[in-house]
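> The following block contains the structure, expressed as structure tokens.
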Amino acid sequence: MSNNVIIFDTTLRDGEQSPGCAMSLAQKKRMAKALASLGVDVIEAGFAAASPDDFNAVASIARDIKGPTICALARCNDHDIREAGRALQEAEKKRIHVFIATSPLHREHKLKMTKEQVVTKAVAAVTLAKSFTADVEFSCEDALRTEKDFLAQVVEAAIAAGATTVNIPDTVGYTTPTEMFDTIHFLKTTVPNIKQAIISTHCHNDLGLAVANSLAAVEAGARQVECTLNGIGERAGNCALEEVVMAIKTRANHYGLDTGIRTEQILPSSRLLSAITGSVVPRNKAIIGDNAFAHASGIHQHGMLSHPETYEIMRPKSIGRIDTSLVLGKHSGRHALVDKIKELGFDTASEDIERIFADFKALADRKKHITDADIEALVFGQSSTGPWQLAQMQVTSGSGDTIASAAVVLVGPNGSEHREAATGDGPVDAAFKAIERAIGMEVHLEGLSVNSISEGIDAQGEAQVRVRYAGQNFHGRGTSTDIVAASVSAFMDVINRISRQMAKAS
Ligand SMILES: CC(=O)SCCNC(=O)CCNC(=O)[C@H](O)C(C)(C)COP(=O)(O)OP(=O)(O)OC[C@H]1O[C@@H](n2cnc3c(N)ncnc32)[C@H](O)[C@@H]1OP(=O)(O)O
Ligand SMILES: CC(C)C(=O)C(=O)O
């Protein structure tokens, strides 16, 4: 038996069945291109008979995407199969995927067919599909709730009619890994012609078991896994491509198998899909979530600094992520803090570390995100937050005769609240004036610049403010996706630096 697992990607078909994940033709083509460079073996491009748009998407992908086999889904009826054949006409490598439900529930209540009628339909469908392409896949929808002997009968008939892949879907995500293993093992040992076809699996995630069930099928002898990027799909989704592929790769010592996926392209492809569908991947999602390679606790961070394999079973680069991140926060320890201080280019004497560490812990208890600027301030013996905090700000501005104004609420050193408003030459000027009034401090603005430090419509702006106060120059920095907010944050930074210096001097 081959040790290669065929990756059948159905992001564009079952994935698109996720509520809210509909894609335009251009988006599907962009995604298909990304899937081809990711190295999937089969792209299920759509259900050609579903609508003119679906037909065009399949036809266009079939014409333009080279490399993977392009597949179209069809019910077991002549019209669907002919539409699939027509849409796939120009494909370099094409597959028609026909399916019919086999479980008693679906037979009786949905299809209103007897077992014999289901078998007859399946055989006729495979036979017709074979007239368009040699590569025909047959799926027994709801296979895992089908009587085992009937399942074996349908699979045998479909193979005899020419199916080259037989797919055993857990359509409703009902099965367990052991049941899945037993079912595939049963088919392998019961169906006389099973060796003439590749056994495939297609698992849904209703109980969160889609990946586990797919891997169980593979262990029992399935050599094709149907999956989607980010695990999108009908209801709770499908087996996640990134998870099943990385499980096979990372546990090659267990499975002894491989896939043709270029795993370094997993994250870029996943991000493209999120951008196209607008569906955000949860931070803790395996492989592709923002936290998947982030370490926040001191003991883990120390381990990671000693040897990455202590707490990481895969390297971030293997899925296309630049690096691991050690997130500094309330759970961090001295090792991670010292590492960050060194990374920022400081050579801090060991006697200073205890003081910096104590200040760091106090700050981390108050602040969720510790930034490089915070660490810098701690090294310099300052707390970057306070004594003044901007609690609220509202600015108004417009074109023509509109007068820009700003209202601010600041919280002062003793927790006292200071409210002020001002008008100015634009919203930034108005906000600076309102802040000065609220604090009772007047500074001379020497310069303000705002630069983009990331790309795109939601780029982060970094503002730098230079002011003169009591004969000295001070400098502040702030970032935000909003340029007024970035400027105000830089101004608050400079005001706080001045206030801290004055407090030290008094
Ligand atoms: C488990 C899966 O993910 S299966 C794939 C799901 N994908 C889709 O459904 C694609 C989008 N679907 C559609 O656009 C539409 O459902 C269409 C165009 C395919 C069909 O629309 P309609 O003809 O109006 O039928 P509708 O969807 O309401 O009902 C399904 C019909 O197909 C029949 N049917 C369902 N599965 C199969 C099958 N595998 N083989 C043959 N007939 C089937 C049903 O019995 C029902 O028949 P009936 O109209 O004689 O009662
Ligand atoms: C068409 C089949 C493979 C399917 O999507 C399912 O059973 O979930």
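The backbone N, Cα and C atoms fix where each Cβ goes, glycine too.
Because TrEMBL annotations are produced automatically, they should be read as predictions rather than curated entries.
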> TrEMBL has His202, His204, Asn238 binding Mn(2+). Which one of Asp14, Asp401, Asp425 is in the same site?
Asp14
> Take the Cβ of His202 (Mn(2+) binding site) and count every other Cβ within 10 Å, whichever protein chain it belongs to.
31
> Including all protein chains displayed, how many Cβ atoms other than that of Asn238 (Mn(2+) binding site) lie within 10 Å of its Cβ?
34
> Applying the rule Cβ within 8 Å of the centroid of the Cβ atoms of Asp14, His202, His204, Asn238, what extra residues of the same chain belong around the Mn(2+) site?
Thr10, Pro169, Thr171, Cys203, Asn205, Ala210, Glu226, Cys227, Thr228, Gly233, Glu234, Gly237, Cys239
> Taking the Cβ of His204 (Mn(2+) binding site) as the centre, how many other Cβ atoms fall within a 10 Å radius?
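Taking every protein chain into account, the count is 25.
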